[in-house]
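TrEMBL has this to say about the protein:
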type: TRANSMEM; residues: 29-48; note: transmembrane segment
type: ACT_SITE; residues: Glu183; note: active site, proton acceptor
type: BINDING; residues: Gly213, Ala214, Ser215, Ala216, Gln217; note: ATP binding site
type: REGION; residues: 528-570; note: region 'Disordered'
type: COMPBIAS; residues: 537-550; note: compositional bias 'Basic and acidic residues'
type: COMPBIAS; residues: 561-570; note: compositional bias 'Basic and acidic residues'
Amino acid sequence: MDQVKLQLRSNRPVYRSFYSKQSNSRSRILLYTSISIAVIVFCCILFFPNKMRQYTKYMVVIDGGSTGTRIHVFKYEVRSGNLVLDFTEKGLVSMKVNPGLSAYAEEPERAGAAVAELVEFAKKNVPREGRGEAEIRLMATAGMRLLKKEDQEKILDVCRRVLRGSGFSFQDDWATVISGSDEGLYAWVVANYALGTLGGDPAKTTGIIELGGASAQITFFSNEPMPPEYSRTVKFGNFTYNLYSHSFLQFGQNVALELLKESLVSRGQETGVKSLQQVKPMDPCTPRGYLHDKGTWKLSPKGNFSECRSASLKLMQKGKDRCSYQSCYIGSTFIPKLQGNFLATENFFYTSKFFGLAPRAFLSDLLVAGQQFCEEDWSKLKKKYQSLEDEDLHRYCFSSAYIVALLHDSLGMALDDERLGCANEVQNIPLDWALGAFVLQSTAKLDLQHSNRIDLVWRNPQLKTIYDLEKGKYIVTRLRVFSLVMKEEKMFENDLMVGRLLVFRPQEVCGLRSADLALRQSREDRRLRVKNQSTLDTDKKPAPVSKKFDPNQSSKRRVRRGSDPIHNKT
């Protein structure tokens, strides 16, 4: 029988440390605390994802213009549920191809190739993992609006096919021809975003006047009642912006020039010019000596600024006898009285820059520069501006006269009006309507994720139009409409939260500080306060008061050379 080996327990006492028990207790507490924190964080991320995350997003907007198609790739961040936009080179890249989509009316398939080239550019600037969520939108403007509806749809269908296979987020209704008033609204949004006035007092916002190739847009805040077709209402913060917005199709610089030449030819025929090959009507909008390569040209260059301006004005006044509103400055189109400051963009800026007048361009200076250019011999102009193509150079005679006729003779801006500035960018932010479209679209998209709060309302106001038998005019009244408005939040000392859009306040525009603009706007208020102060020292003079502009009188202070015969005639 094997001996059983027994292991005897030691008689030494076993000591259990009090500190071991305390350590285990602490570990359990830390474990439970960590689990609780993890659960809380998980719930926050689950139920409030946009409040806890910071991430980068992309959006692509294709601008189908009249002379070319440009793609904009936007990169932006969402921080704690708020949009942070960056329109510098880090946050915005663009590319343009020529010609515009409207040029493919006869060959729609070629439009697809142009869009495909732009899509490849977008892919290079959007990471693969971000393309599925990044929206891509195509918005065509005046060039496409000039086409027949069926031609528009043929081109858009080809473009939609390309965009559906692009790898970006796309819906068919995101490729469309936008209205001129929407285009003007988008331009107004980006201009006031750049100026830092978006989300502030509507009376201190800046209007926008665009002169494109096929159309001209005017958008500004107005407290006058307007017909519904001319009105847009945008709400940011605690402010409601009742905007006048309208696009004047065929009043863009290029199309207007062609229409003007056609009218000059017709006028020549009416005056008894039977053989246009032997005796050609005069073209006052082209400098003398300019030679046309086209054998079908039917006008003889004359180079007369005053006559060119007069002919441009007649073009704008066509149909004015059919005006059924209280005021029609251009044709039969309703336009309320201009209010506030204005930025003139696109061809306004290019023309002013050519004459060395931008960004502070007084119309009186443009008038003098245009007169000198139009009445100069073509050979001298060609020698002076050797770097420019003939086709581009000769147009500056017309563009200068057309701008004066549009802004001064038609819209009633004074020749020395200090409210007007010319620029295509402010604080390195391009004044491109596509950027405004991005601001509204990205803000609206973020709002969909927050159904408990309305940050942006964009709709047509409810108006009633009645016919006044005594005045023989239509009278427009605005109806009361209840709507929700978000609370404006102060984020930083110089910034505002607008909707969920972080707006950084730039300090300058067109060479003027925004403080100076506000100062001029408040001159009238200061004058009234000074007048009511009976204890004011007699040696102190009140602040200068801006004189109200009389559209029937031209400025004497700014016009240093010559008179203003065109305005006197009209």
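One is the number of the first residue shown, and numbering goes on along the chain from there.
The backbone N, Cα and C atoms fix where each Cβ goes, glycine too.
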Worksheet item: Quick one: which residues besides Gly213, Ala214, Ser215, Ala216, Gln217 have a Cβ within 8 Å of the ATP site's Cβ centroid, in sequence order?
Response: Ser66, Thr141, Ala142, Gly180, Glu210, Leu211, Gly212, Ser247, Phe248, Leu249, Phe251, Gly252, Gln253, Val255
Worksheet item: If you run the three-state DSSP split on Ser215 (ATP binding site), which class comes out?
Response: strand
Response to the item:
Ser215 (ATP binding site) and Glu183 (active site, proton acceptor), compared by Cα position, are separated in whole Å by 11
Practice prompt. Find the one among the binding-site residues Gly213, Ala214, Ala216 whose C-alpha lies closest to that of the residue listed as 'active site, proton acceptor'.
Written response: Ala216
